[in-house]
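Per Swiss-Prot, the features are as follows:
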{"type": "BINDING", "residues": "Gly11, Pro12, Met13, Phe14, Ser15, Gly16, Lys17, Ser18", "note": "ATP binding site"}
{"type": "ACT_SITE", "residues": "Glu83", "note": "active site, proton acceptor"}
{"type": "BINDING", "residues": "Phe113, Ile157, Glu158, Ile159, Ile160, Gly161", "note": "substrate binding site"}
{"type": "BINDING", "residues": "Cys138, Cys141, Cys170, Cys173", "note": "Zn(2+) binding site"}
Amino acid sequence: MNGGHIQLIIGPMFSGKSTELIRRVRRYQIAQYKCVTIKYSNDNRYGTGLWTHDKNNFEALEATKLCDVLESITDFSVIGIDEGQFFPDIVEFCERMANEGKIVIVAALDGTFQRKPFNNILNLIPLSEMVVKLTAVCMKCFKEASFSKRLGEETEIEIIGGNDMYQSVCRKCYIDS
């Protein structure tokens, strides 16, 4: 076995996916692994680099397709990917990198605001050695929240925003609103 594998961190908005991604990448950095992080370039809410909702920043390459950064990451053994649901080539890229012996850590929304699978991110589950589904706190009743609820009436899937546009909600609050 070449040591390559895929770790998938999924959950709703505000569940700490990016924070967990950064924690895992930092852990490998401490162990002297050569690490790189990639973020979706259309997510420019807070500036350059990878940002968490609580304003923690981490250096990251930016791309709209992962294949565009292939040449830049050949020397790295750990690849962190934030907002994985937005990359159209996420499944093929992760499988290729893991097969080449790299550790790939992906943070992604598992469902849309309509509680549908988010693009093809769920296709990574059978290819992953480790899958963690995080929960948030329901912003209405303060129970465990597994879903992201959009506050506006827009119907397109890819609308990037924070707590001005989305809430994490439990099942009951999702259905009631």
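Quick reminder: no glycine exception, Cβ is built from N, Cα and C everywhere.
In this structure, of the binding-site residues Met13, Ile157, the smallest number of CB atoms within 10 A of the CB marks Ile157. Long-range Cβ neighbours of Cys173 (Zn(2+) binding site) (same chain, at least 6 residues apart, Cβ-Cβ under 8 Å): Cys138, Lys140, Cys141, Ala145, Lys149. Listed in sequence order, the residues Met139, Lys140, Phe142, Lys143, Ala145, Val169, Arg171, Lys172, Tyr174 complete the 8 Å Cβ shell around the Zn(2+) site centroid, once Cys138, Cys141, Cys170, Cys173 themselves are left out. In this structure, the C-alpha atom of Pro12 (ATP binding site) lies 11 angstrom from that of Glu83 (active site, proton acceptor).
Of the listed binding-site residues, namely Cys138, Cys141, Cys170, the sparsest Cβ surroundings within 10 Å are found at Cys141. Between Cys170 (Zn(2+) binding site) and Met13 (ATP binding site), the C-alpha separation comes to 12 Å.
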